[in-house]
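J.: The structure that follows is given in the form of structure tokens.
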Amino acid sequence: MKSIKKIIPLMLVLAIVFQPALSKADSKLGFENKVNSYYTIEQDYSQELLNYNENKPFAIASLTKIMTYVLVMEDINANKYKLDDKIKIQTQYAKPEASTMQLKKGEELTVNDLIRGMMIVSGNDAADELAVKSEGSVGKFVERMNKKAAELELESAKFYSASGYPENDKENLMSAKDLAKLTTYTINNYPQVLNYTKTQKLVMPSRKYEAATTVPFLGKIEGVDGFKTGTTEKAGYCLITTMSLKPNNPKNKVVSVLMGAPTKYDRNTYQKIILEYVRNSFEPMNILNSEKPIETKSVNSVVDKNVEIYPTEDVSILYNTKTGLQQKVDIKKDLKAPLKKGQIVGKVVIDTGKGDKREVSLVVKKPYEKADTLTRIKRSAKYTYELLEALLVS
């Protein structure tokens, strides 16, 4: 392989040459000993931005309701029931000390009302009613939650309840990394979830009910549009926040998971530090364009000599201005005609500076025919002459 090292553009050269990569200690944010874990990614490409203890499972409390929402939406898409179907509340599910939308036995609400109560004010009673609507009992619904977790390859996940409230002293578990994966799956497959999570207040005039969302930062940090809180004594204060990296730009949405803060104030303070760090340290950048050649290579054996080489896919990433970015292009040595359309002729490796490396194949987009013998002889002679001339001059 012929290795041609490229750094793009000039600002990236400066970043790599003059800014040393962060050490492991420097890359942390200073509150690691006060939380269970955190994990921050860019949603579209699942690019890892920040991490601490992200693979270890911890109690997730009401972050559970993200999975409950996913299964309810599966039901609705399968026409099992509709958003405007009414549910007669059968049981006073809410525990006095738990989050609730204050459902009362005998009242009727729509499925959509209960989703609002579950996702905006984190009503445990709403989650349990939806579970019963879906599977006939909370227990059967929980079985389905665990099956869905296995399907999504959330290896750390274990569910005991539909709401996140402890069940027989057992609490639902998941790692920060798997929670980010579940959140990304939810937004990608059910983007309407953001209509719930960005709502700042739940108002139900017919019930004379009004309550503020549990989700912080809405209307206070630009670009934040949810997502979910969770709190129990064992879980501590947990928070998932979704935010557009650049305000008013839906691209490059950040998903940030924070688990196990000691207080609500600490939870909000630490998450704000994460969001501000990401916004100030990362810039969106289009690295590869499948419609533009990454290089034009001179190949003597080809009729028109110049071969245009393209990446097989578009690549956009968040470039870390503190650690830099490298792009390394490797094109096969001694390319020879004929070349077929779509033939792989090399690869490009993108290193984001965090150990994240991404490989993209390089191809030709049209066939290149072999030049006739006389043309190839003339080109070889010219190349030899130019090489000898350069050696003599040096």
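Cβ coordinates are placed from backbone N, Cα and C, and glycine is handled just like the others.
Got these off TrEMBL a minute ago, pasting:
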ACT_SITE  S62  active site, acyl-ester intermediate
ACT_SITE  K65  active site, proton acceptor
ACT_SITE  S122  active site
BINDING   K228  substrate binding site
DOMAIN    282-370  domain 'Peptidase S11 D-Ala-D-Ala carboxypeptidase A C-terminal'
SIGNAL    1-25  signal peptide
J.: Roughly how many angstrom lie between the C-alpha atoms of K65 (active site, proton acceptor) and the residue listed as 'active site'?
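T.: Here the two Cα atoms lie 8 Å apart.
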J.: Near K65 (active site, proton acceptor), how many other Cβ atoms are within 10 Å of its Cβ?
T.: 27
J.: Quick check: in three-state DSSP terms, what is K65 (active site, proton acceptor)?
T.: helix
J.: Run through the Cβ atoms and count how many others sit within 10 Å of the one on K228 (substrate binding site).
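T.: The answer is 30 other Cβ atoms.
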J.: Give me the non-local Cβ neighbours of the residue listed as 'active site': same chain, 6+ apart in sequence, Cβ-Cβ under 8 Å, ordered along the sequence.
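T.: The list for the residue listed as 'active site' reads S62, K65, S99, T214, K228, T229, G230, given in order along the sequence.
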J.: If I take every residue in the domain 'Peptidase S11 D-Ala-D-Ala carboxypeptidase A C-terminal' (282-370) and average their pLDDT values, what number comes out?
T.: 85
J.: Please list, for the domain 'Peptidase S11 D-Ala-D-Ala carboxypeptidase A C-terminal' (282-370), how many residues fall into helix, strand and coil according to DSSP.
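T.: For the domain 'Peptidase S11 D-Ala-D-Ala carboxypeptidase A C-terminal' (282-370), the helix, strand and coil counts are 0 helix, 48 strand, 41 coil.
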